[in-house]
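What TrEMBL records for A:12-35, A:47-68, A:74-95, A:107-127, A:165-182, A:211-234, A:240-257, A:264-283, A:303-324 is transmembrane segment.
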Amino acid sequence: MNELVFFINNVIVAGSVSGSIYAIGAIGVTLIFSIMRFAHFAHADMMTFGTFMVLLLTLAFPGVGAVVGLPTPIVMLPLAIVLTALLAVGIDKTFYKPLRAHGVKPIVMVIASLGVTLMLQGLIRLFSGTGAQNLYLAGERKEIYRLEMPFELASRPVIVTEPQIILFVLTIVCVVGLHLFLNRTRLGKAMRAMSDNPDLARASGINTNHIVAVTWVIAGGLAAIAGTLLALDVTFKPDLSFFLLLPIFAAAIVGGVGHPYGAIAGGFVVGFAETLAVFNWAVLLRPFRDSLPEWLAQAGNLAFVGTEYKIVVPFFILVAILVWRPTGIFKGKVI
Amino acid sequence: MPSIIDVRHVHKAFGGLKVINDCSIQVEKGSITGLIGPNGAGKSTLFNIIAGALPLDSGQVLLDGEDITNRPANELFHKGLLRTFQIAHEFSHMTALENLMMVPPRQAGENLFDAWLKPGLVRREEAEVRRRALEVIDFIGLHHVRNELAGNLSGGQKKLLELGRTMMTDARVVLLDEIAAGVNRTLLGDLVSNIERLNREMGYTFLVIEHDMEMIARLCDPVIVLAQGSVMVEGTIEEIQNNPQVIEAYFGSNVA
């Protein structure tokens, strides 16, 4: 049974963690695409920026968390969300809006977003240094919950950490909130209308500039959440985005670009595919050692790919989806 | 009669192609003005310029004396200037009813704070908008398909939906771009009487692009003929039909 617990810890928990993070990131990418029709490459750096804001705020007010009873970075998250949303709107006003006004092709916007990526990354590196930093400062510790399994044979517990629990809760809140927003509110419907037919939206009196700004606020806010929760689970690094960009785009495309529910599903598909691919299947075979052929029983490592090559998994999924089902699991394009 | 739309010396070129060339037209308040002309005369371009969907190169557009040159379409909508599209536009992933419900301007639910803080107000408004949308959808005869996705409607039904959109709000001027194309004859009769009724009872002014001369003859007075980007003649339908210049523009010189 310990093998099963090992499987739960390394695949179910770990997959849910990366799945949630990819899902929240991919929602932003997909919303931006459905409203502005371009792939926003700087999205992962907006995540890093949000995380960096949390780091700065935590450094500035290290004692706040203890008062509330939550980790300080979590308490600082709402403020970081606001700052990242402002950054997103600011970047749009400064870099993307003039291009849109000239009616450039989407590829020009994509290249511009690559420029923004480099700029943001440079800026963050300039202020944060190049090393990894732990978001848990001031002697705070990651709470670790050990869930004992009710089986006699399972001596090892399932391990979930506090930031992981917060991540799961926030993911559910984000998904439900987004669903209600898009389907119940007038503004959400106006967003759907604009992604469907921008000319008609304008002719129906919908202020499309306003919708664009709202899109950036939502995307920026979600980016801050995803980035921070990832950094809480591991550490903050200025080049965090390099590890996120590919899986997030893979998630958005797997789900069908422009489809927020697809992005959520895609996020979990990519997250679980990663953890399943690097999982050492030999562990699960161990209890059946005696009944297996010798060559299989002897194998020490039966992972599909080594952990160092984890990044090839979303890349493979991306290629496979583009070849076999280019519209994604859900048909994309319109919210 | 005061003109509600006043287009003054407008020029517009796409690359080297001069589509609108020193064009000036006036639309009288309360009229149903027809805009005809051979293909490529610049009718739709002129429409797009008036409706704020295309920037003009030079010239001026006034709405009831107010300069609206190069204002965005959504702003013009709130000033009471509405348009339909030559190729019917619809929100294809929403139902026909939802399409109409998107239209009424400045609902409380559009404001992020009101949407959360004043649910009662938002709900009352929604109910009101829904009631109106149901009336309109009855009126344009699409009641039986109101819950179908608009993308699945036929071309003619989409055209009717376009007209329905203009009835969801109190418009001052409606630009109709080939509303009759692809609509069957029986529906067309309804459409024409609806337009006349909106004009008579609600005081809508219409500017109508149309290829269907029968409809123009029944509906429009005056009629403006556009050729090569500027006004060729303007007058009643009889005057237009007997004008040798117009016949030449439509059928070529050897016919006349």
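Any Cβ shown, glycine's included, is placed from N, Cα and C.
Model, not experiment: these values are computed from the prediction.
It is A:12-35 that, among the stretches A:12-35, A:165-182, A:211-234, A:240-257, A:303-324, forms the most Cβ pairs under 8 Å with the transmembrane segment (A:264-283). If you count C-beta pairs under 8 angstroms between the transmembrane segment (A:12-35) and each of A:47-68, A:74-95, A:165-182, A:211-234, A:303-324, the highest count goes to A:211-234.
Remote same-chain partners of the transmembrane segment (A:74-95), defined as residues 6 or more beyond its termini with a Cβ less than 8 Å from a stretch Cβ, comprise 42, 46, 49-51, 53-54, 57-58, 61, 64-65, 68, 112, 115-116, 163, 166, 212-213, 216-221, 223-225, 228, 232.
Outside the transmembrane segment (A:211-234), and at least 6 residues removed from its termini, the chain residues within Cβ reach (under 8 Å) are 17, 20-21, 24-25, 27-29, 31-32, 35-36, 40, 43-44, 46-51, 53-55, 71, 73-74, 77, 80-89, 91-92, 97, 135-136, 161, 163-164, 166-167, 170, 174, 178, 181, 187, 190-191, 194, 201, 240, 244. At the 8 Å Cβ threshold, with sequence separation of at least 6, the transmembrane segment (A:47-68) comes into contact with the transmembrane segment (A:240-257) through 3 or more pairs.
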